[in-house]
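A.B. asks: Pasting a structure below so you can have a look.
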Amino acid sequence: MNRLLFLGAGPMAEAIISGIVRKEIMPGTSIYVKNRQNQDRIEELVAKYGINGFNPEKDQLDQFDMIILAMQPNDIGEVCRDLKQKIHPQQLIISIISSVSTEYFEEHLHQQQPIIRVMPNTSSTINESATAISIGKYVEEKHVNFTKTMLAAIGTVYVIEESKMDIFTGIAGCGPAYFYAFMEQMETLAVEHDLPIELARNMIAQTILGSAKMVLLSDEDPMVLRKHVAAPNGPTEAGLFALEAFGGKKAIIEAVKAATERSKEIGKLFNV
Ligand SMILES: NC(=O)C1=CN([C@@H]2O[C@H](COP(=O)(O)OP(=O)(O)OC[C@H]3O[C@@H](n4cnc5c(N)ncnc54)[C@H](OP(=O)(O)O)[C@@H]3O)[C@@H](O)[C@H]2O)C=CC1
Ligand SMILES: O=C(O)[C@@H]1CCC=N1
């Protein structure tokens with residue numbers, strides 16, 4: 001793959017660009033970025049990563065091997081109408097836009113356009129994303145291989161069926177926000193109990209990091225690990241009891257369901 005264009009220069013685009021450049025998947029000189037309006041942001045990314053701003057006077061959309069769509073879903077219909085006039089059917093289109101299916105793009109771009117849909121999360125910024133990809137009908141093996149290599153630069157990549165994208169979004173795409181909300185409450189309590197905020201923040205983050213690493217590295221399932229923490233009639237058991245009594249389990253389930261349903265709902269606005 002020689003030239004890559006990002007349409008949309010928000011934080012998700014930046015996270016992917018920083019991974020690609022840092023891991024030397026592509027040189028910055030092969031990466032271009034375009035916003036609808038905000039040119040200051042383009043200049044910021046150009047200076048930071050040694051990439052190029054798209055210049056409509058000399059660059060053309062059909063000169064890129066791959067285009068990454070990284071804007072909000074709202075006016076994607078208009079984006080597709082414009083793109084269709086300017087791209088050719090062999091160009092790989094990668095969409096990181098949540099909720100919009102590969103079928104939608106297949107329908108609204110050229111017949112047989114290769115489309116890959118991606119759901120990263122914000123931990124891309126530190127190369128720790130849990131990223132899913134689903135593959136459109138007209139995608140070739142070389143497209144999948146390049147996309148996986150590129151996204152491996154920002155974390156772990158899973159290839160999943162398109163039908164699983166909403167639940168993946170509800171868990172892994174939105175998940176960082178749930179954990180941050182959890183951390184906010186713990187931090188408030190720690191500070192109320194006179195722990196310095198720096199220590200509180202660090203110990204909470206370290207506790208979550210350690211728990212996540214235990215699941216990844218120990219081969220035990222979370223239920224077993226949970227039981228290892230909780231001695232009969234000890235403090236953890238009391239804490240878990242309160243978590244259950246105050247609807248903790250239900251709250252987790254309902255949060256994921258609501259996010260998944262919302263993703264489906266948004267997707268229906270872009271039905272083919
Ligand atoms: N944030 C997250 O946790 C995740 C987000 N996503 C998805 O990633 C996408 C981007 O997210 P995020 O970076 O947070 O989004 P932002 O809304 O912060 O940024 C979107 C960018 O796209 C630009 N843009 C809008 N329309 C166009 C257009 N027609 N052509 C070129 N550029 C355009 C905007 O530029 P301007 O200001 O000039 O209009 C802006 O810089 C979204 O679809 C989101 O659903 C996916 C996974 C996780
Ligand atoms: O909530 C959102 O709009 C996006 C989808 C996944 C994470 N953030």
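Our numbering is plain: 1 for the first residue shown, then up by one each step along the chain.
Just so it is clear, glycine is given a Cβ too, placed from its N, Cα and C backbone atoms.
TrEMBL entries are annotated by machine, without manual review.
Quick paste from TrEMBL:
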type: BINDING; residues: Leu7, Gly8, Ala9, Gly10, Pro11, Met12, Ala70, Met71, Gln72, Pro73; note: NADP(+) binding site
type: DOMAIN; residues: 5-97; note: domain 'Pyrroline-5-carboxylate reductase catalytic N-terminal'
type: DOMAIN; residues: 162-265; note: domain 'Pyrroline-5-carboxylate reductase dimerisation'
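A description of the local structural setting of each listed feature is requested, covering burial, neighbours and distances.
C.D. replies: Cβ neighbour count for Leu7 (NADP(+) binding site): 23 (other Cβ atoms within 10 Å of its Cβ, all protein chains included).
Helix, strand and coil counts from DSSP across the domain 'Pyrroline-5-carboxylate reductase dimerisation' (162-265) read 89 helix, 0 strand, 15 coil.
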A.B. asks: Once near-sequence residues are set aside, which residues in the chain of Gln72 (NADP(+) binding site), 6 or more away, have Cβ atoms under 8 Å from its Cβ?
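C.D. replies: The list for Gln72 (NADP(+) binding site) reads Ile97, given in order along the sequence.
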A.B. asks: Which of the three DSSP states, helix, strand or coil, fits Pro11 (NADP(+) binding site)?
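C.D. replies: DSSP call for Pro11 (NADP(+) binding site): helix.
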A.B. asks: For Pro11 (NADP(+) binding site), what residues in its own chain, 6 or more apart in sequence, show a Cβ-Cβ distance under 8 Å?
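C.D. replies: Same-chain residues close to Pro11 (NADP(+) binding site) (Cβ under 8 Å, separated by 6 or more) are Thr122, Thr125.
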